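Participant: Pasting a structure below so you can have a look.
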Amino acid sequence: MQNLTVAILAGGKSSRMGQNKALLPLGTMKIIEHLVTNLRPIASELLLVANTDEYAFLNLPVYRDRFPGQGPLAGIETALRVAFNEKVYITACDLPLLPAEIPRFLAENTEDYDVTVLAYKGKIEPLIGIYRKSIYPVVEKHLILRKNKIIDFYPQVKVKIINFEQLPENLQREEFLLNVNTPADYEKLLKIFSLKE
């Protein structure tokens, strides 16, 4: 898509997995490579936010957090600060099955909202969302105040929530939202992936 930055946040500690989940194998590639492959077609700019040099093999720009240790909101701050485009799709490195059509749908339906996020079963998914670069000062201020929860800044901006059921029917598959946080999640991912192949 024209004028869309895609930012993959890969700065987490992967503590529940015991190793870097983004680098776990999935078929012939690593999890993070699947994300990059899926999202590249919709990105006019593609970048990673990570505090490690382990992703050099992807040949993508990698930016480090300005507020290390302050969670995913710090990753959003970095992405908004460095992004070339006004619209920035923020996602996590542990959503390898999410098709690019979902962020494309969100981006096409942002209207004049500052944040457009997906919600599933009543729960907001802040790392499946389009964020406008113009809200950067609000995000930065929250981090300076050590208010690290993403949705805590939502009341200060215009937020549009798109429910899972509002997506086109072919995108309403629960497996697309599988977060790979634990060894059990990884086993589930491998099963789903082997069925797809």
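Cβ coordinates come from backbone N, Cα and C, glycine included.
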Participant: Check Swiss-Prot for me: it has LEU9, ALA10, GLY11, ASP65, ASP94 binding GTP, so pick out which one of LYS21, LYS87 it puts in that same site.
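Facilitator: Candidate in the recorded GTP site: LYS21.
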Participant: For the GTP binding site, please report the maximum Cα-Cα distance among LEU9, ALA10, GLY11, LYS21, ASP65, ASP94 in Å.
Facilitator: 19
Participant: For LEU9 (GTP binding site), name the DSSP secondary structure in the helix/strand/coil scheme.
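Facilitator: Assignment for LEU9 (GTP binding site) reads strand.
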Participant: Can you give me the same-chain residues 6 or more apart in sequence from ALA10 (GTP binding site) with a CB-CB distance under 8 Å?
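Facilitator: Those within reach of ALA10 (GTP binding site), by Cβ under 8 Å and sequence separation of 6 or more, are ALA22, ILE32, LEU48, VAL49, ALA50, THR52, TYR55, ALA92, CYS93.
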